[in-house]
């Protein structure tokens, strides 16, 4: 292994996203797949991670114990569920390993645990790791500053039938970007559901609508609607590889950061645009 390479460990190796992450790690220059993890009792334990992902034999077998592979990776990549991610986060903090977190659905306590851990280790935490989505978030900030005070703002998102949290983390990130640009607190202005006799739309609110159907990878639209015209800013993902490649790219970037909490805008240097 060349000194410039970083070794990554992939959580949830047998899942849809886990397999894509393995493919991305194996296909990206400067990266070595060091470990792959699955939950205790999984039928996939002992499988070759590369074969599991359809990328050929790698010699890296799927394990259930982080302790057993702690010397095999530099950066941990986790797109699982909040309770599992927080356990992995605690391990990484204890052992000085950076972590890339793509898990969504954290409550306030979980988000605080991530902030606390960032005092000791480097963390990239993002709702969406695609380059396109993060460019969209920057566009939303600019659109909100120009149009947000006098338009009705709605965010519509669609995902596959298996997604367990709603609204999506990306939809919430869109709302946060818009609210921040307008000096608002999203918790105070978000409307997550409408049913029955709701009365007229309350000015200054940000509405959310959710679709769960079929195999939709991810579609997000922000609408700025006025009387007579509206602007819609949309991102559509057709492959999870865009998220996987972004996450592995983040791991490479994170290797040089001893501690701190970052997101994709830092990785892509979007804050200077």
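Every residue gets a Cβ built from N, Cα and C, even glycine.
Swiss-Prot names 12, 13, 14, 15, 16, 17, 102, 103, 104, 126, 127, 128, 129 as NAD(+) ligands; from the candidate set 38, 40, 154, the record adds 38 to that same site. Within its own chain, residue 128 (NAD(+) binding site) has 102, 134, 169, 170, 173, 218, 243, 264 as residues 6 or more apart in sequence whose C-beta sits under 8 angstroms from its own.
For residue 12 (NAD(+) binding site), the nearest neighbour among the listed recorded positions (39, 159, 160, 163), judged by C-alpha distance, is 39. Residue 103 (NAD(+) binding site) sits 12 Å from residue 163 (active site, proton donor), taking the Cα positions as reference.
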